[in-house]
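Taken straight from TrEMBL:
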- ASP415: active site (ACT_SITE)
- ASP826: active site (ACT_SITE)
- SER379, LYS385, GLU386, ASP415, LYS605: UDP-alpha-D-glucose binding site (BINDING)
- LYS606, ASP630: Mn(2+) binding site (BINDING)
- 1-10: compositional bias 'Polar residues' (COMPBIAS)
- 211-224: compositional bias 'Polar residues' (COMPBIAS)
- 1-33: region 'Disordered' (REGION)
- 194-224: region 'Disordered' (REGION)
- 289-308: transmembrane segment (TRANSMEM)
- 315-335: transmembrane segment (TRANSMEM)
- 896-919: transmembrane segment (TRANSMEM)
- 931-951: transmembrane segment (TRANSMEM)
- 971-994: transmembrane segment (TRANSMEM)
- 1029-1048: transmembrane segment (TRANSMEM)
- 1054-1075: transmembrane segment (TRANSMEM)
- 1087-1107: transmembrane segment (TRANSMEM)
Amino acid sequence: MASLTNQTSKKSMKAPGSAGVGSQGNKGSAIGQTVKFARRTSSGRYVSLSREDLDMSGEFSGDYMNYTVHIPPTPDNQPMDTSVAAKAEEQYVSNSLFTGGFNSVTRAHLMDKVIDSEVSHPQMAGSKGSSCAMPVCDGKVMKDERGNDVIPCECRFKICRDCYMDAQKDTGLCPGCKEPYKVGEIDDEIPNYSNSALSLPGPDDPKRGRNNNMSMTKRNQSGDQFDHNKWLFETQGTYGYGNAYWPPDDVYGDDGDGGAPKGTLESGDKPWRPITRVIDIPASIISPYRLLIVVRLVVLGFFLTWRVRHPNNEAIWLWLMSIVCEIWFAFSWILDQLPKVHPINRVTYLDVLRDKFEMPCPSNPTGRSDLPGVDVFVSTADPEKEPPLVTANTILSILAVDYPVEKLSCYISDDGGALLTFEAMAEAASFADLWVPFCRKHDIEPRNPESYFSLKGDPTKNKSRLDFVKDRRRIKREYDEFKVRINGLPDSIRRRSDAFNAREEMKMLKHMRESGAETLEPIKVQKATWMADGTHWPGTWATPSRDHAKGDHAGILQVMLKPPSSDPLMGSTEDKLLDFTDVDRRLPMFVYMSREKRPGYDHNKKAGAMNALVRSSAVLSNGPFMLNLDCDHYIFNCKAVREGMCFMMDRGGEDICYIQFPQRFEGIDPSDRYANHNTVFFDGNMRALDGLQGPVYVGTGCMFRRFALYGFEPPKPDKVVEKGSETEALKTTDFDPDLDVNLLPKRFGNSTVLAESIPIAEYHARPIADHPAVKYGRPPGILRAPREPLDATTVAEAVSVISCWYEDKTEWGDRVGWIYGSVTEDVVTGYRMHNRGWRSVYCVTKRDAFRGSAPINLTDRLHQVLRWATGSVEIFFSRNNALLGSTKIKVLQRLAYLNVGIYPFTSLFLIVYCFLPALSLFSGQFIVQTLDVAFLALLLTISLCLVGLALLEVKWSGVGLEEWWRNEQFWLISGTSAHLAAVVQGLLKVIAGIEISFTLTSKSAGDDVDDIYADLYLVKWTSLMIPPIVIGMINIIAIVVAFSRTIYEQVPQWSKFIGGAFFSFWVLAHLYPFAKGLMGRRGKTPTIVFVWAGLIAITLSLLYVAINPASNQDSNLTTGFTFP
């Protein structure tokens, strides 16, 4: 069906005004679709504002058509000022809910209001301007992105868009001054600062209008000293950094071409400084660390050789099981240890980044940012499992991030299509009008309101403004009201829907009575979910129905906050609640998206949602970089985006595919019982991989290069085409010689806008060519131009690329975007990039970049690990196995990815090895026949090397010893439970095609709801608990049996007992957190746990006794007591 979208239907060609822009084509295409708005009635029908379209409404409902947006007559066929037209179109786009999907029409529903509460920010959807001055009109004047009324006539007569359109059609005269509207009166042209420089007026230039500032400043000084810095600040002086004075042109004898004269201090003339630096681990730590790895590797070889050559003939089965397990453990240790031979640290210089990209200079006197754009993605699926308040706080932390506002865009993907999420995001956008300026004014950290107001300590620390306490108190009250509104949304939506549904029932009953129909049977009205403006919600309804269920609804897109203006929008003392004087009140662009879902389509879960975000953002904002976050991971460091941008914009950064930040968690119990912080991985393994080809992608807190995610290989500097001193943007086919222009739809889909955005995103993502070593850069200044306003065709195109059919017969999910086919799509996506030759960077900031939540309950934690391990097994049995990788991936990096796919299989050997101590105690045998001196010496050396490696690894990674021990404990717990289940599940899926899911079978509730760690003590029974319980109970029984038998022996063999008991205690020590988790808060363990464990332990014990009864029992016992 994708190929049909390139064909325009005959009926659409016959439609009047069909020379508009089609949503599937470029803005400049000659053939397209009519772009018109329509208002939706309370029953859900769309009524166009054009009489001709009302007459043709029946004709359009016939055969298959292209995606169409219904809106009132566009500026293309109206004598309307272009600047007013652009502002009017953007205003209507931001106030419209766009819906569309497969084989349906894309419509823009004009919404009178998005939420029940009033909105005031000019960028917010649903914001209204002044009242229209026309008689008997209750319309509102349109507002631009700066909050100013859009008034098309110089007489300043306020008129709404509908009245303006009527006036243009009737007489063309302004109703206020009775004069004709003139085209071009409003000049919105913004100077281009990208190439030429603007001269600054001199101190005596009358254009400055500040000749008396010097004397006024002098009069304000106390004492005889004059503050030159204050004078420069107040008068914009003509000397100093960033304020170079340009003398008249004839002084330098130039030709007056407007170029920069000689001697001008441009950013390129400054000494070049790197933005990042690599710090190697001190040799006093890393050299012994590497030496111990070599020593342990050699000793391990000798140890295994000795073990193979000295079998225990008295218990050959015990020896065979132990030696097989030990060989596998040695192999697994090599895979895990060798990639750690070159760990590194990195530092960034934010001041250098600011100097290069944001400091004023002659060519950029206003200091307009030259940083590339960043699109931030947040994904959510179910408001019941992912509370909207948590998601709203994450969105607020993103909107308040310290990055150029006009370069930042935020997108949220609601895979559930829930009205609750939609209205919660609208409430968050409304509250951001207060929260974001407050954060900027007082330099708030963290910028998540819930986390900020939960901080312990003095909130006034390091705060210099006198009105901070008053502002904080007011914001706290507003946030409490915001939480009440968010938490009350489910009830509000339910009551509203019940009221509207009751109204529809009354309407139908009245209609039936008027028509004379019998009303004996109860009236059945579809139970719809209603929006705040009194229309049907196009997404999922509380009572599912056709086209309104979780897996069956149209695509939805709403621009909650339209793109901000390129210049700051300063507050004033006239602001309603707080004084935001000299504070920029602009907000980043914010878009709500819910991709289309239909039965029969594989929507590929989170990976499919992320790819839909990639495509829609490419059409709307096309940020060269993308940051993805889970809905419960918020920005803890407002400068995190700048930290990541340092690596991308530094010399050599053009081959970096993504910047991975460490995951940090809140709400973890102080002892970190189940190693939720996972610091050994994030501070150890990931730092080590950073010294190779880069860390793996872990699913959240990652900044991507959009071009790398499109499936291209790293750029080759020898392909750069130079024009003078500037590089030229390449075409899409230049990056991949095998990619034909005609094959672009096969790879990326049939959206021309999306295809044309690819080389633009690549070009804008390049570092600035400010150094001879930067062979693949861009000229400075090209990103200072403001972005174009949104129009209806652009948003309609974004709706079409999130339809369920768009990915059919394309390479999305296979080569392009997030990769499908695995539960751990994040690891596979990162592996594909490394396999193409890209490298990644690990960015550890002084202040945590992001923070999120993690499950602290034992059962939830085991299920989380089960999902990860299942994905690893899928990777091992797929073509993403590192053994099949290309030659572009480095050897040690290949070993690291190979370990990702192999580590779950260690559970097969680990669970056997955990039973060996018990079997040794039961049988009275040991894994070796005699405790030879060589065996003990080799075992001691291996153990000492392991301890030494642990201490040195703790030293260079910064991990605490307790954290390291917790990781070791949970490694055994998960290895004997979740990893084993993942291997069984993976093997059954590969061999027999059987899908098995391990789910909870029973739940118990906590008693103390006020305890933030109450979930820690919940005991939820799951089948994953059976293996660790059995291991623990059998080892305890074995110790008791062996101890009793040894006491009653004529010649007690304590050496064998101690050897077996030592390893049994080693197993039990690792299972200690698991045992505490089973005990709950007051030992309230479900009876089923002990019943199953006891039955299995007794059965295994009796089975062993029956197979291998004691042969020398009578000779060893001195009393009449016999033990089976």
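Just so you know, glycine gets a Cβ as well, placed from its N, Cα and C.
In TrEMBL, annotation is done automatically, which means it is predicted and not curated.
Just so it is clear, the model here is predicted, and its values are computed rather than measured.
Binding residues for UDP-alpha-D-glucose (SER379, LYS385, GLU386, ASP415, LYS605) extend across at most 15 Å, taking the greatest CA-CA distance.
By the Cβ criterion (distance under 8 Å, sequence gap of 6 or more), the transmembrane segment (289-308) is counted as touching the transmembrane segment (931-951), at least 3 such pairs being found. Among the recorded positions ASP415, ASP630, ASP826, the residue whose Cα lies closest in space to that of LYS605 (UDP-alpha-D-glucose binding site) is ASP415.
Rounded to the nearest whole angstrom, the C-alpha distance between LYS385 (UDP-alpha-D-glucose binding site) and ASP826 (active site) is 21. Contact between the transmembrane segment (896-919) and the transmembrane segment (931-951) is not supported, since fewer than 3 Cβ pairs fall under 8 Å when only residues 6 or more apart in sequence are counted. Rounded to a whole number, the distance between the Cα atoms of SER379 (UDP-alpha-D-glucose binding site) and LYS606 (Mn(2+) binding site) is 8 Å. Count of Cβ pairs under 8 Å against the transmembrane segment (971-994): among 931-951, 1029-1048, 1054-1075, the largest is for 1054-1075. Excluding SER379, LYS385, GLU386, ASP415, LYS605 themselves, the residues of that chain whose CB lies within 8 A of the CB mean position for the UDP-alpha-D-glucose site are, in sequence, THR380, ALA381, ASP382, GLY416, LYS606, ALA609, CYS631.
A straight line from the CA of ASP630 (Mn(2+) binding site) to the CA of GLU386 (UDP-alpha-D-glucose binding site) spans 10 Å. In this structure the alpha carbons, written CA, of ASP826 (active site) and SER379 (UDP-alpha-D-glucose binding site) are 14 Å apart.
By a simple count of nearby Cβ atoms, those within 10 Å, the most crowded of the binding-site residues LYS385, LYS605 is LYS605.
Its own atom aside, the Cβ of ASP630 (Mn(2+) binding site) has 22 Cβ atoms within 10 angstroms in the protein chains shown. The 10 Å shell around the Cβ of SER379 (UDP-alpha-D-glucose binding site) contains 23 further Cβ atoms across the protein chains shown. A 10 Å cutoff on Cβ-Cβ distances gives ASP415 (active site) a total of 21 other Cβ atoms nearby, all chains included. Sequence-distant contacts of GLU386 (UDP-alpha-D-glucose binding site), defined by Cβ-Cβ distance under 8 angstroms and a gap of at least six in the same chain, are THR380, CYS631, ASP632.
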